[in-house]
Amino acid sequence: MTSLYTTLNLTMSIPVVAVALLAAWRLRGPERRRWLIGVGGALLILMILTAVFDNIMISAGLVAYDDSLTSGIRLGVAPIEDFAYAVAAAVFVPSVWALLTASPRVGAEVGSPTVSGRGDALLTRAPEPGDDDEVRTPERPGTPGLLTTLFWSSRPVSWVNTAAPFALAYFLATGGFDLVGVIGTIFFLVPYNLAMYGINDVFDYESDLRNPRKGGVEGSVLERSRHTATLVASAVTTVPFLVYLVLTGTVESSLWLAASAFAVIAYSAKGLRFKEIPFLDSLTSAFHFVSPAIVGWTIAGAELTGGVWACLIAFMLWGAASQAFGAVQDVRFDREADLKSVATVLGARAAVWFALACYVAAVVVLLAAAPWPASGAAFAILPYLATVAAYVGVTDADAERTNEGWKRFLVLNMLAGFCVTQIVLWSVLVWS
């Protein structure tokens, strides 16, 4: 029988494998060689460090593992499962960075068809007299298959950001994993993201055409002919999971699941468009990532105590801050498309300060109200604070330069997730 710790590692390795396969397919020539060298070097260093520090801490009695929760395979006295995090970090971080900095797979020259992305739903056009240089008009040539389009639209780099909150909350509440935990994790890993980002890509089509950063890992430009198929695929892949989670869950978890599904639709869908209501846009975006944790906790029948609420509120503040900072880079394009956001209303500089305030508030809530070791997650917020603080002088005119900081978030999210995962594992495997 597979141990609990091993099962958790295998579940959380799914997005790592997905991103690695994506990098292997996407990268070519020197870029692939640099990626392989980066992965190999990071893997060697992290494996050595993990072996050394795990053996030291376990031998010193600082950490102890219940043998019934591990496979029993050890390197020295360190359980083999501990090395999964070294492997995940060594593979995932270089892969994400390589994808962010990769050159377009299809070259473009003046007077030839141009390409809008790095492998997303590729949209091509031939330049015509009088064209607006910032608007890309899609045509059918070069359009990828439907599955490829859906894959990119689901933002595979962000899958773990919604699956991990559910999985960790469920694991923390139950101390284990069963079929409900696995099904829930799979739902929040892929179908949930396809619905969330797919709906967004359909209803943000016009503004995305004007946004040059769309078309890569930061977001796809979804060809109009794929809109109906994307909406249908979103419904078909999510409804069976929703039905299962309602039937196997509690009344409380079902209500939270319904709220989560509504927030996914309401954020982008025509007639609701919460993303165009300043401040509600930040809160709804944050709820997209907090709600899986609430569902994971309540579907296990666990109580939402004061300490749990403190963690969830801090998570909401964290997510709202990240959304507000992310909106800064799109200020000019959103205004041109007559779209409202917390950044277009406040202005770039004020939005950055708003993000900073939310991060600080999250730290305060964790340190003041969250129980140990959950309060230790406050330290995972500090790199975000440092990143955003570098842009406190930004103006609307140069707001797009915050994109560099936003790209760092893609890596910081993984590092923060790693820290939170360690806290949860230590809570269940050690302190309990």
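Think of each number as a place in line: the chain as shown, counted from 1.
Glycine is no exception: its Cβ is also placed from the backbone N, Cα and C atoms.
Noted in Swiss-Prot for the protein shown:
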- 1-140: region 'Beta-cyclase' (REGION)
- 4-24: transmembrane segment (TRANSMEM)
- 36-56: transmembrane segment (TRANSMEM)
- 83-103: transmembrane segment (TRANSMEM)
- 111-140: region 'Disordered' (REGION)
- 141-432: region 'Elongase/hydratase' (REGION)
- 170-190: transmembrane segment (TRANSMEM)
- 252-272: transmembrane segment (TRANSMEM)
- 277-297: transmembrane segment (TRANSMEM)
- 299-319: transmembrane segment (TRANSMEM)
- 350-370: transmembrane segment (TRANSMEM)
- 374-394: transmembrane segment (TRANSMEM)
- 409-429: transmembrane segment (TRANSMEM)
The transmembrane segment (299-319) touching the transmembrane segment (170-190) per 3+ Cβ pairs under 8 Å rule: yes
Most Cβ pairs under 8 Å with the transmembrane segment (409-429), selected from 36-56, 83-103, 277-297, 350-370, 374-394: 374-394
Leading stretch by Cβ pairs under 8 Å, where the reference is the transmembrane segment (83-103) and the options are 36-56, 299-319, 350-370, 374-394: 36-56
For the region 'Beta-cyclase' (1-140), the mean pLDDT of the predicted model: 68
